[in-house]
Amino acid sequence: MEHDLTHGNVLKTIAVFALPYMLSYFLQMLYGMADLYMMGQFSGAAGITAVGNGAQTLYIITVTLVGLAMGTTVIVGHAVGSRRFDRAETAIGNTITLFMGVSVVLAAVLFALCPQVVALIGTPPEAVEGTAAYLRICFVGIPFIAAYNILSAIFRGLGDSRSPMYVIGVACIINIALDFLFIGHMGLGPVGAALGTVTAQTASVALALVWLKSRRTNIHVKRSDLRPQPEVLGSILKIGVPVAVQDGCIQVAFMFITVIANHRGLVDAAAVGLVEKMISFLFIVPSSMGATVSALTAQNAGAGKGDRARQVLKDAMTISVVYGCLITVLMWLVAPAFIGFFAKDPAVVAAGTGYMRSYIFDAIFAGIHICFSGFFAAYGKSYIGFAHNVLAVALIRVPGAWLLSNAYSDTLFPMGIASPCGSILSAVICVVAFTVLNRRGAFDKLAA
């Protein structure tokens, strides 16, 4: 099942790995898009806001777990690249032990603190009940969300991006069908959206385990591999924790922006909730390129192929920037129709259009620093990604959104400018860091 990513045409290898990942990402985004579509058809602004706020909160948890799992992708990739499959087995076993323990504790704590979480994000009074109901159900499902994402991280480390695509495809069909049943037919609102999401995630885990067991591979995880080993856990956490914190910081920034929007009123809150969900969907290429760079670079770093790793970074960034330019032009042309497909309220459509047209410029610049972050993580330097993201959030994204929101109360367009400005700062920091480290030969071979 493991795939060698250290040979062949670089651009072709990127495409072969990235396309299934993009489809997986696309299908996963359909979860939330289906929820919002059904809420938009069968509920009002309060229901949309409840699911939007709840989904944003859950997304913070998900991306943090995915970031932590980056350590597994990189360590497994290094092992596969150097053909040390015993190391991959130990890394996989320790990952399972670590994530299951963390996710169970996290689920219990967040379930108990649900009212405080709802209050913390500044949920409008009309949406408090729906947001709380949505989050309680989703918090119970955190172990299944964690399980799916660590299995996907393991697959990527093995060079296999297709298996997660097949699994998530089935889960997406289940989720959409349950949305029609729970939200459309039974009228359960946010509760129905949460039930559909958690049920689909549970199904995806079961299917992934069956799929993994049925595949032929050189890697066989034994019971002894599940026993925590400080050295292995340390290697995983050294890479994964900075990535998890950086991704968590970005999502916390989005949450602050949600809070800012919530204080502007129900219409702006609904508009920002919709656009944030759509942006996650539209960022499919930059996000996919980041994951692709980390997986391909990890194997090539493990094999001692620094030149090929740098070419992976260059080609992936080129793809991301070209896509970003195209999608920015497209959204300027079709933003009202795109947002209007999900919301029938003209005021929500108008507010969302302004926000989308400024925010979408981030698609151009985000791909640059996302690819760099994946590259740095593959060489065990994920602290660079952590540093530039924290600086961008603290200096530009959050304060910029707050200042511009207060300065322009009648439109969301200025508020959306803060995100691309934050990405520009991140991209500049990444270019400087790469240039300095590359001159020092940091990417010529993998540090011991």
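From the backbone N, Cα and C atoms, a Cβ is placed for every residue, glycine too.
Since we're looking at a predicted model, the values are computed, not measured.
Summarising the annotation, TrEMBL assigns transmembrane segment to 6-27 (among others).
TrEMBL lists 58-80 (among others) with the feature transmembrane segment. Long-range contacts of the transmembrane segment (58-80) within its own chain (CB-CB distance under 8 A, at least 6 residues past either end) are made by residues 2, 4, 86-88, 91-92, 95, 99, 102-103, 106, 110, 135, 138, 142, 145-146, 149-150, 152-154, 156-159, 232, 235-241, 243-248, 250-252, 254-255, 280, 291, 294-295, 297-299, 301-302, 377-378, 380, 382, 446.
TrEMBL lists 92-113 (among others) with the feature transmembrane segment.
Taken from TrEMBL, the feature transmembrane segment covers 133-154 (among others).
Residues or ranges marked as transmembrane segment in TrEMBL: 166-185 (among others). Away from its own ends, the transmembrane segment (166-185) comes close to residues 23-24, 27-28, 30-31, 34-35, 38-39, 41-43, 148, 151, 191-193, 195-197, 199-201, 203-204, 207-208, 211 of its chain (Cβ-Cβ under 8 Å, at least six residues beyond either end).
As annotated by TrEMBL, transmembrane segment applies to 191-212 (among others).
Packing against the transmembrane segment (319-339) from elsewhere in the chain are residues 14, 271, 274-275, 278, 282, 285-286, 289, 348-350, 352-353, 356-357, 360-361, 363-368, 370-371: each is 6 or more residues past its ends and has a CB under 8 Å from a CB in it. Annotated transmembrane segment per TrEMBL: 319-339 (among others), in sequence order.
Here TrEMBL flags 359-379 (among others) as transmembrane segment. Only residues 6 or more beyond the boundaries of the transmembrane segment (359-379), in the same chain, are considered here, and those with a CB under 8 A from a CB of the stretch are 70, 74, 77, 239, 242-243, 246, 275, 279, 282-283, 285-287, 289-295, 297-298, 301, 309, 312-313, 316-317, 319-321, 323-325, 327-328, 331-332, 335, 385, 388-389, 416-417, 419-420, 422-424, 426-427, 429-431, 433-434, 442-443, 446-447.
The annotation transmembrane segment is assigned in TrEMBL to 386-405 (among others).
Summarising the annotation, TrEMBL assigns transmembrane segment to 417-437 (among others).
Remote same-chain partners of the transmembrane segment (6-27), defined as residues 6 or more beyond its termini with a Cβ less than 8 Å from a stretch Cβ, comprise 81, 152, 156, 159, 161-162, 164-165, 168-169, 171-172, 281, 284-285, 287-289, 291-292, 295-296, 299-300, 303, 305, 308, 311-312, 315-316, 319.
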